[in-house]
């Protein structure tokens, strides 16, 4: 079959019309040197600090240093896949992570990719990991409580929604246990339909052992708390760059809840390892070291992260993001560089002491130097009614206790005060993974402060508390319900409680 010249011309015209002549302009550089997770790149003239670049192997890098003729990027992955001379492409993006309720119940890496083997995460929304913290006008004052379920904290060092409360102490003093207990304690609110009472939890493990993270996930699953929790893991075996990014990724996931009128709690476990990872990156980038070899912007590293926790104003949806950063001290030294930095950024600290822990006082909270700068604004009225004097009574007890070591003869008043203090300490003790509902905490503290334990032997105080709470749950549940619903102890409720306790104390002493 012969084609006429005019037909050939028509076919050629059609084909030419279908050709896509749009060419994409890519800015490409070249790796000059690579090592220790840092790549020095030549040729990316327009790249910005904090931008993501892509290496030939597909591994991504984060640009942190801009120099006269080159840029330095931290490699977010295996640096063995990046070779000298490799091309590096600018993708004109900053780091973003998936956010939303689809992540609840999952264990993810710093990029939001699932690492729990439960399939893909269907999240449609992405957020940048570095965003500006809410301004002054957008915020509201902290006025609603985050119930941790821990008597010593909810009564003496209350945490409010939108607060930043530091948990600080030596290793193995129960810092993570407090955080996990707080997550488990939110379960009751999630069984109800009222969205306002629900607090979604985010736990970010920075530089932890993989076995420790797995243990925490198993504990949360066993307690039925994983359904409202996201776990982000940047373990010790991962690159320092990933450990550095982890809290910012987690914070963006938490901000989704805050900005949509919901409430979230984020736990950074721990920021000491985060600071060490950033120090490693900074020294490899040849930034000048300062105190304890940390770079000069280490304060800004944590302040820009923790300032993102806030209680939003009504105009912004009244959501909140509460932060519980954890710091590990060396031999109880709270005056070291990172601890003092984070103490000055946060709205209070819960200080855990090894000495108390070894004495069997658990949670090992040192009430003397622990403080909540939000104070009783974050407590319900019923808790204020019973816990107002506890801190003072414990402080007086500590003073008298140290004084009594040198004095053999004590007058009856001092002896009674010491006995009362010992019983207060005993009633504030609590088993791990055993958070109490706030109404039961109030009854326990009421028993301690109103001196119902005077005739109960010290070693039987815990037994007394357990039996008393069991009895009140079974036969006097109306007292607990009244405290829970009214959020205060009415005269009628107090009268019922007094009658119940007087009868119960008599029966308990008689039985023992």
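Don't overthink the numbers, they just go from 1 along the chain as shown.
Note that Cβ sites are derived from N, Cα and C of the backbone, with glycine treated the same way.
Feature annotation from Swiss-Prot assigns ATP binding site to 169, 170, 171, 172, 173, 174, 175, 176. Following the DSSP three-state reduction, the secondary structure of residue 175 (ATP binding site) is helix. Cβ neighbours of residue 175 (ATP binding site) (same chain, under 8 Å, six or more residues apart in sequence): 167, 168, 169, 269, 270, 326, 328, 352.
Among the features that Swiss-Prot reports, site 'Required for activity' is placed at 370, with the record citing sequence analysis. Long-range Cβ contacts of residue 370 (site 'Required for activity') within its own chain (separation 6+, distance under 8 Å): 156, 157, 348, 349, 350, 351.
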Requested in this report: Other than 169, 170, 171, 172, 173, 174, 175, 176, which residues of the same chain sit close to ATP? List them in sequence order, counting a residue when its Cβ is within 8 Å of the Cβ centroid of the site.
Outcome: 328, 352, 354, 357, 364
Query raised in the report: Any idea which of the binding-site residues 169, 174 has the thinnest Cβ neighbourhood at 10 Å?
Result: 174
Query - Under 8 Å by Cβ from residue 176 (ATP binding site), counting only residues of that chain that are 6 or more apart - result: 216, 269, 326
**Report entry** Long-range Cβ environment of residue 171 (ATP binding site), under 8 Å and at least 6 residues apart
**Finding:** 328
Query - Number of other Cβ atoms within 10 Å of the Cβ of residue 172 (ATP binding site) across all protein chains - result: 11
**Report entry** Cβ atoms near residue 173 (ATP binding site) (within 10 Å, other residues, all chains)
**Finding:** 26
